[in-house]
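Taken verbatim from TrEMBL:
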TRANSMEM  A:12-34  transmembrane segment
BINDING   A:His27, A:His70, A:His113, A:His158  heme binding site
TRANSMEM  A:54-76  transmembrane segment
TRANSMEM  A:97-115  transmembrane segment
TRANSMEM  A:143-172  transmembrane segment
TRANSMEM  A:184-204  transmembrane segment
Amino acid sequence: MKGNSYLSRKIHSLLGVIPLGLFIIEHMVTNYSAFEGGAEGFSDSIKFLNDLPLVFFLELFGIWLPLLFHGVYGLYVAYQSNVNTGRFQYGRNWAFALQRITGVITFIFVFWHLYQTRFQVMIGEVKHEELGNLMHDIASNGFYFVLYIIGVLAATFHFSNGMWAFLVSWGITIGPRAQRISSFIWMGVFVIVAVMFLLSLGAFRGDEFKEAASAALQLTNLV
Amino acid sequence: MAETTVASKTVKLIITRQDAPNAQSYTEEFEIPYRPNMNVIGALMEIQRNPKKKDGQATAPVCWESNCLEEVCGACSMVINGKPRQACSALIDKLEQPIRLQPMSTFPVVRDLVINRERMFNALKRVKAWIPIDGTYDLGPGPRMAEAKRQWAYELSKCMTCGVCLESCPNVNDRNSFIGPAAISQVRLFNAHPTGEMNAAERLETLMEDGGIEGCGNSQNCVRSCPKGIPLTTSIAAINKDTTKHLFKKWLGM
Ligand code: SF4
Ligand code: FES
């Protein structure tokens, strides 16, 4: 990595919050509509997102490019760290190691998840209305279901603990008390976000997603 | 009579040794007579006096460094039973046996337990961890320091450059150019000083270059390992704040 590593690391840190952290929250809310509003709620949420103005640029600058930078530079950051939790078994040191491990898991998971969903839409294999059905197929497969659970837990931990670290590395939480309170808050956020993602993942297994999607499919077939 | 019972008590040690900077390391076991109130340095001196391994074979005496013998110089730092600390304040009675001694291998090993802490002194030079008062004429008395500030700054000034915090840091390694926690805390110390403050921006800027403060990944092992109880993670977060402010000020051209 050439140039000033201070700047690269700061950009890495900032992108993790804006836009990627915001995106995780947005994604959680969209998915949760599957749990709360069923198939209809979920397709309404997707429609809302697709109706956003300049959606192509929003996706490019709000997700793709930040994701690429944060992911690739993050792998470099992980490569630069040792794991010494054997010698120093402190909670924060575990969080440090887990931040890097979950980062790598999230990197792999996100690329694979994008391939299964967004990429299929892009190449025209799947329509936006059929995403609920696609997720139903994925979540109903026991093997994928377990991998998704692991991926979701890794991503949400990485997000929550990353937020804790962001507040330290930008000099917002300075003293030990501020940092301790912050860690309670962000571990709470981890639990809430993880539970919401997992509830929606469970909801996708429901039959209504199959039916709704096949109805949509039939409709398109008729037309 | 008491002597015979005391003499039968022994101290067992397993020491990681290395004959030269690039040589392969190996371990040797020692068993030495116990004396009350012994510390690790005392045990090493005993081995020096009678350099025999546990099995009775002669060996080269173990090399180590020490000066003050009261935990203020930092020279005797080594890894004792898995934790980096000072050998002079490590009492045998409080250690589980066999006692394992290893060099702090984050630093280049010179021989046995002797390491080269030069990178720490270079780091202090890099961040200008001093207060420039030399000039061609008398600059007069500097501004006074508030007592409350002096009190917390004094805590930071206890650093003895021992290297324990670098040894405990997962980001100080040969894949990473991180300067380490000690120097960052020294920047906070010298930037807090009313005269030192005049060069604050310079010190912050060196920490905003490659291998600067950005290398901290917040494992927070340093603050738990520092023998002087220096609030290293608070110093790092405070300097994070100062560097962030400095970055924005520079961007905005202020
Ligand atoms: S900060 Fe503490 S552990 Fe680090 S070098 Fe100074 S005295 Fe040693
Ligand atoms: S000899 Fe000085 S700290 Fe141990």
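Just so you know, glycine gets a Cβ as well, placed from its N, Cα and C.
Curation does not apply to TrEMBL; its annotations are automatic.
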Across all the protein chains here, work out how many other Cβ atoms are within 10 Å of the Cβ of A:His70 (heme binding site).
23
Among A:12-34, A:97-115, A:184-204, the stretch with the most Cβ pairs under 8 Å to the transmembrane segment (A:143-172) is A:97-115
Write out the long-range same-chain contacts of A:His113 (heme binding site), meaning residues 6 or more apart in sequence whose Cβ is under 8 Å from its Cβ.
A:Tyr148, A:Gly151
Pick out which of the binding-site residues A:His27, A:His158 has the most other Cβ atoms within 10 Å of its own Cβ.
A:His158
Can you list, in sequence order, the residues of the same chain other than A:His27, A:His70, A:His113, A:His158 whose CB lies within 8 Å of the CB centroid of the heme site?
A:Leu20, A:Phe23, A:Ile24, A:Leu67, A:Thr106, A:Phe109, A:Val110, A:Ala155, A:Phe159
I want to verify one value. Collapsing DSSP to three states, which class is A:His158 (heme binding site)?
helix
Span of the recorded heme site, as the biggest CA-CA distance among A:His27, A:His70, A:His113, A:His158 in Å, is 18
